[in-house]
Structures are given as C-alpha cells and as structure tokens.
Amino acid sequence: MTERNKTVISQFLLLGLPIPPEHQQLFYALFLVMYLTTVLGNLIIIILIILDSHLHTPMYLFLSNLSFSDLCFSSVTMPKLLQNMQSQVPSIPYAGCLAQIYFFLFFGDLGNFLLVAMAYDRYVAICYPLHYTTIMSPRLCVSLVVLSWVLTTFHAMLHTLLMARLSFCEDNVIPHYFCDMSALLKLACSDTRVNEVVIFIVASIFLVLPFALITMSYVRIVSSILKVPSSQGIYKAFSTCGSHLSVVSLFYGTVIGLYLSPSSNNSTVKDTVMSLMYTVVTPMLNPFIYSLRNRDIKGALERVFCKRKIQLNL
C-alpha cells in the first residue's frame, strides 16, 4: 500500500442532496419549515400527554415515547443537512459521523419497537376489552418501553463499534446527506465482510420480526371483528387502529421501498429521496396522523389551553 493510501482521514465530505444551485435556498427554506414543524408537532404531543391526566394510559405512554423518538430521529440528520446546505465545505468529523450512525440507528429502531408495543396495545383493547386494564398493567407497559430502549441501545452500539474498527483512507466523499452505513462501507479500505454479515443478520431480525408481530396483531384484530360483524364494531376498530395503521404503513412502506426495490442506474438519487421520506416526512406527519382524528388529543389540547387561559385571567 502506498503512502498516499495510508493517509488516514479525519473527516468526511457529504455530497448532500441532488439540488440545482439556483434552487438551493428554496429547498433550504422548505426543509427548515419541515424540521420546525416536526419539532413543534412532536413537542406538543409530548407536553399534552405529560400535562393531561386523561392521557396517562398505556397507549399514550407509547405515543409520547414515539413522539420523542421521531423528534430525535429527525434531529440526528436535519440540523447537519441544513448547516451543510449553507456551507461551502459540507463536511462532518469522523467522530461526528460515528455518533450520527449510532443515534440514527438508535432512534430509528426505537420507533420500530414502539410501533410493535402499540400494536399489541390495540390488539388487547379490541380482543380483550374487559381484561384490558389487567393485561396492560403499568408494570408491563414500562417493561415494554424499557425493553425497546435496551434492544435499540444494543443494536446501535453493535454497528457503531463494528464501524469504528474499519479504516478509511483516501476517498472520503459520501454520496448522501448523512453518514449512511452502506455508503461508508464502500469507502472503507479494510475488510468489511464482518460488518456486512452482521448488518444482514441483525437487520433481518430487527425489521422482519417487528413487522411480523405487528401483522399478527392485526390479523387477530380482523379475525376478532369478523366473528361478530357489526357496523359499531368495525367503526370502533378503525377509530382505535386507524392512526397506528397509517403510521405503520408509512414507516414500513418507505423502508420496503428503500431496501427491497430493485436497484437502478440512479439508485443513489433514489436512496437519498427515500431516506428523506423516513427521516424528514414521516416524523413530521406522525403528530398530525395521531391528532387530527383523535378526540383524546383534541380534548387534552382544549383542556390545557382553557386551564392556562383561566390562570392568566385570574
């Protein structure tokens, strides 16, 4: 290996989004508004759930954690993207790149596992309504949340440590707007076979298993409804599960489109656009999906604002 190839890099250059220079400021303003909407929307849901005692239920415990996960997941990539869109040298330090990988995996997986917990909650609420409070005890709910955090910590740490053992030499240009693992593996000048095997095995478990559990929950929900078909039962099921099913479809639809669709000549552009869907669009839409047709959230919003208004008048 030549001396040139032995040069160890200290930072990576992020190519960012394939946006023409004349449209750069327009897209910067658009992404800034979308990010601020994401932060504000998820913060409102978290604050409402904390302040309103009517929302201190298992479903809203999971929802508050999901909102926190969405807020942080978007914050892992968006601030750096916005900064680099205004910079002449869109770079990220080596340590910052590893940190971005860790938190990207952590909050992405956390949202995934919380969707499983929410699916189980909906399953119990519809199939065992009389035993709901007994089954979904505070202890079980907290255990599901803690288990989600522990599993995601392990997964994110595993990949980050494996990535840290790789050597990166001459090429330091990442054709993405954040430190994507697959893009980084292509830049490594050391053996990446262990990383690739671990990614395949663990990703299969952490994506396929949660999706299978969610699917099983909804199969049993549909089966339970069909046993006693009534317009009231169907309405209750859709009103209970509609928001969660929309979020699940949005999340897994994007992931399937990104990782399972056939590659093409412009696969880099496709990957970038699909990544924007689950790092920017999905976290922004989730608060609206859960609040627009949710009477509990609307009621909590009215109660909190009315309470604050009365306090101000006094």
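Backbone N, Cα and C define each Cβ position, glycine as well.
Swiss-Prot lists a disulfide bond between CYS97 and one candidate from CYS169, CYS179, CYS189; that candidate is CYS179. According to the topological domains annotated in Swiss-Prot, MET136 and GLU196 fall on opposite sides of the membrane.
Under DSSP, residues within the topological domain 'Cytoplasmic' (51-57) fall into helix, strand and coil as 4 helix, 0 strand, 3 coil. In the predicted model, the topological domain 'Cytoplasmic' (218-239) shows an average pLDDT of 74. In this view, CYS97 (disulfide bond) is surrounded by 23 other Cβ atoms within 10 Å of its Cβ, with every protein chain counted. Classification of CYS179 (disulfide bond) by DSSP places it in coil, neither helical nor stranded. CYS179 (disulfide bond) has a Cβ environment of 24 other Cβ atoms inside 10 Å. Within its own chain, the topological domain 'Cytoplasmic' (119-143) is flanked in space by residues 58-59, 61-62, 213-214, 217-218, 220-221, 224-225, 236-237, 240-241, 244, 248, which lie at least six positions past its ends and keep a Cβ under 8 Å from the stretch.
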